[in-house]
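*Asks:* Provided herewith is a single structure, encoded as structure tokens, for subsequent inquiry.
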Amino acid sequence: MKYELVSTDGRARRGRLIFERGVVETPAFMPVGTYGTVKGMTPEEVAQTGAQILLGNTFHLWLRPGQEIMKLHGDLHDFMQWPGPILTDSGGFQVFSLGAMRKIKEEGVYFRNPINGSPVFLSPEKSMEIQYDLGSDIVMIFDECTPYPADWDYAKRSMEMSLRWAKRSRQRFDELGNQNALFGIIQGSVYEDLRDVSLKGLVEIGFDGYAVGGLAVGEPKEDMHRILEHVCPMIPQDKPRYLMGVGKPEDLVEGVRRGIDMFDCVMPTRNARNGHLFVTGGVVKIRNAQYKEDTTALDPECDCYTCRNYSRAYLHHLDRCNEILGARLNTIHNLRYYQRLMAALRQAIEEGKLERFAADFYGRRGRTVPPLGAADAAS
């Protein structure tokens, strides 16, 4: 993988990730394909929304169908018939989500398989081996996603263990002869000094890109913005920056304004299945009665298949009847909305008009633009 920085506007960056499997224009949003599928979508449909890279879930694909089934097909690209690049998370966040079902030790994490209750062990080395078999174009190191809230002492211990696991991940990745990209994950909760130590340690190890982890786990938005404003300028300029598990459309805009290149989140697909649809002016909750006789397009400014062909009333009808087609049409739209948003952000950066774009984006929602930190505003 190669990263090219094309242009900047303040802290925001317009670039591209170049893989053997294709080019990803950044800032980019990655739809989440947890089990080797973006729920309800064929790979062709996902590509038609404008997505150039997907996220797969190491933890879930390891438990089901497993490495051996994957290898029978070749790798995850062959298994799910997605020809473009794939990033896989390491399993750290899923282990974090298990709560009391897991025990974190220096050697790795012991937990019960959520499918059948059998004992399972996942380590940095095992995560690298699984992702190698998946053929991931971007491999994530195995880390502990520090919970929120966490006091400074706990966050320090967690961050230091993640650094040790980062070294082990790097070593096993290299031993396997993996020629794809390996990203480090910056931890440290909401504490700037711990984030500094984490980033310094990761840069010393050396990675192809750097993710900001441990955010969007319950902390106030102000803390997320503060950490991004602090960390992003210190990440090597020639490496991509990835904000994990984020997020809402507003979060994408704010992440881009602060220098983030890559995002992922289940929100567009999960919300679509629940009738929560993103449109130019905000959100449409399509199951609400006000849309029963609404013959207009879901979003007149959207060019997706759903908006070009169906009315709000029809989508309301499908939702009320729990028809599978409703979930699919909603998903097509939400994914396209996110990709259109990213394309607009890229264009705004190229034209040096990102702050004007942000003002329009929030103005359509009846809101004001959140302030940047002093350093970001000055840049």
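Cβ coordinates are placed from backbone N, Cα and C, and glycine is handled just like the others.
What you see is a predicted model, and the numbers here were worked out from it, not measured in a lab.
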*Asks:* Of the residues G50, G117, G214, G218, only one is listed by Swiss-Prot in the substrate site with D89, S90, G91, G92, F93, D143, Q187. Which is it?
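*Replies:* Of G50, G117, G214, G218, G214 joins D89, S90, G91, G92, F93, D143, Q187 in the substrate site that Swiss-Prot records.
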*Asks:* Which of H225, H230, H276, H333 shares the Zn(2+) site with C302, C304, C307 per Swiss-Prot?
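*Replies:* Only hit among H225, H230, H276, H333 in Swiss-Prot's Zn(2+) site, alongside C302, C304, C307: H333.
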*Asks:* Pick from 104-108, 124-128, 169-173, 269-273: which range does Swiss-Prot record as region 'RNA binding'?
*Replies:* 269-273
*Asks:* Using a Cβ-Cβ cut-off under 8 angstroms and a sequence gap of six or more, which residues of the chain neighbour G92 (substrate binding site)?
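*Replies:* The answer is S127, M140, F142, D143, E144, C145, I185, G213.
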*Asks:* If you compare CA-to-CA distances from C307 (Zn(2+) binding site) to each of the recorded positions D89, Q187, G214, which comes out shortest?
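*Replies:* Ranked by Cα distance from C307 (Zn(2+) binding site), first place goes to D89.
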*Asks:* Translate the DSSP assignment of G91 (substrate binding site) into the three-state scheme.
*Replies:* coil
*Asks:* On a C-alpha basis, identify the one among D89, F93, Q187, D264 that is nearest to C304 (Zn(2+) binding site); the candidates are the recorded positions.
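*Replies:* Result for C304 (Zn(2+) binding site): the nearest of the recorded positions is D264.
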*Asks:* Quick check on the region 'RNA binding' (269-273): DSSP residue counts for helix, strand, coil, in that order please.
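*Replies:* Across the region 'RNA binding' (269-273), the residues distribute as 5 helix, 0 strand, 0 coil.
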